[in-house]
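Notes follow once the structure below has been shown.
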Amino acid sequence: MRVLAAMSGGVDSAVAAALAVEAGHDVVGVHMALSRNRDQFRTGSRGCCSIEDASDARRAADVLGIPYYVWDLSERFEDTVVADFLAEYEAGRTPNPCVRCNEHIKFETLLEKATALGFDAVATGHYARVVERPDGTRELHRSPNTEKDQSYVLAVMGPERLARAIFPLGGFASKAEVRAEAARRGLAVSAKPDSYDICFVADGDTRGFLRDRLGSRPGEVVDTSGAVVGEHDGAYAYTVGQRKGLALGRPAADGKPRYVLDVRTSTNQVVVGPAELLTVDRIAGDRAVWFTDPAPGPRASRDVGLPTPDTDVPGRPSSPVDDVEIQVRAHGTPVPARILDAADGGVEVELTGTPLRGVAAGQSLVVYRGTQVLGQATVTRAWRAASRHRTHDASTARPA
């Protein structure tokens, strides 16, 4: 099988490429250049995609004896991932750029280019497992390395893209095992530090990045009664659940800490209140992507889109589905839930165990059963069923 190995310059992608070669595939390495200014995405161990990273990837490819290329995807990255990041924050939502990068860059642009060049699959260094069923369809599962598991950010890819993806690190239970494998193969990146944070915000100052791109937009910080309790330089810089950086002039009357409850871009206001108002047990989302029918039991169809409740389509649920878990952060704790509705490309879930706190519009909601990823959606709103208070409703938000 002809395999295009995405090589970031880190140890994970280098070992993934090595394992693809060992498996007998015809492998070609490619490094994605995501910025025209190759140094702006790297500050020490923060960020990625620098000239140094490209050189590390080339050296790894040389050790493996495979062809190696650098593809300039910087314009596509800026137009999709960075632009989406800015637009979402400007609209008062909280995006996950790693999800958008997997959706638009690794498993759209890269995969399309690979297919056009005659490759059968793309291999990456993600920590996730692919399980093939007897009927030939494939399932996405969590990695046994729970600390590094990346199934959450991969859930957006859907079944068709999963069919052309390879995750050679799926069986590794720890990062130490991967580093040991790299050292055994003579790969110089075996001890290279992990990169972290948002790759295009290499200094880690997300608020500063947003301010530079979106400008200063002073406005009010208000409590739930509408009383002004502070000021801000841009509502876009705040997210539901945030406490740090509010800089409120005086404490609340009850002496309790205050958190961001809502970001109202229509009025350029940030709403704050006590922690208990952040607790939610209902979450709704749109842009749903399903790998399989979430209803338990034999699967009737590989068609995994979900219809309106009155549409009779095999393999699609038209009634509530119990016995699932949902996760709303990349390394968050999954919580028990039931699917109440999955109509018109959306989903609504009810938490059946511990409520969650601080769920923001724009986050990814990923549905699991055990280790298997069933599907995902983008959060539009979250609320407490017994309360009228809702977190930011993305369906009605407009930039100020």
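Any Cβ shown, glycine's included, is placed from N, Cα and C.
Record features, source TrEMBL:
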- Ala6, Met7, Ser8, Gly9, Gly10, Val11, Asp12, Ser13, Met32, Gly125: ATP binding site (BINDING)
- Cys101: active site, nucleophile (ACT_SITE)
- His126: site 'Interaction with tRNA' (SITE)
- Cys199: active site, cysteine persulfide intermediate (ACT_SITE)
- 208-273: domain 'tRNA-specific 2-thiouridylase MnmA-like central' (DOMAIN)
- 323-379: domain 'tRNA-specific 2-thiouridylase MnmA-like C-terminal' (DOMAIN)
- Gln363: site 'Interaction with tRNA' (SITE)
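Of the residues the record lists as binding ATP, namely Ala6, Met7, Ser8, Gly9, Gly10, Val11, Asp12, Ser13, Met32, Gly125, the two whose Cα atoms sit farthest apart are 16 Å from each other.
Classification of Ala6 (ATP binding site) by DSSP places it within a strand.
Residue counts for the domain 'tRNA-specific 2-thiouridylase MnmA-like central' (208-273) under DSSP, split into helix (H, G, I), strand (E, B) and coil, are 10 helix, 20 strand, 36 coil. Counting Cβ atoms from all protein chains shown, Asp12 (ATP binding site) has 25 others lying within 10 Å of its own Cβ. When each of the recorded positions Ser8, Gln363 is scored by how many other Cβ atoms sit within 10 Å of its Cβ, Ser8 comes out lowest.
Neighbour count (other Cβ atoms within 10 Å of the Cβ, all protein chains): 26 for the residue listed as 'active site, nucleophile'.
For the recorded site, Gln363 (site 'Interaction with tRNA'), the DSSP three-state label reads coil. In terms of DSSP secondary structure, the domain 'tRNA-specific 2-thiouridylase MnmA-like C-terminal' (323-379) contains 0 helix, 33 strand, 24 coil. The shortest Cα-Cα distance between His126 (site 'Interaction with tRNA') and any of the recorded positions Gly10, Asp12, Met32, Cys101, Cys199 is the one to Asp12. Ranking the recorded positions Ser8, Gly10, Cys199, Gln363 by the distance of their Cα atoms from the Cα of Cys101 (active site, nucleophile) places Cys199 first.
The secondary structure of His126 (site 'Interaction with tRNA'), as reduced to three states from DSSP, is coil rather than helix or strand. The 10 Å shell around the Cβ of Met32 (ATP binding site) contains 23 further Cβ atoms across the protein chains shown. Sequence-distant neighbours of Ala6 (ATP binding site): residues of the same chain at least 6 apart with a C-beta under 8 Å from its C-beta are Ser13, Val30, His31, Met32, Lys106, Leu110, Val122, Ala123, Thr124, Gly125.
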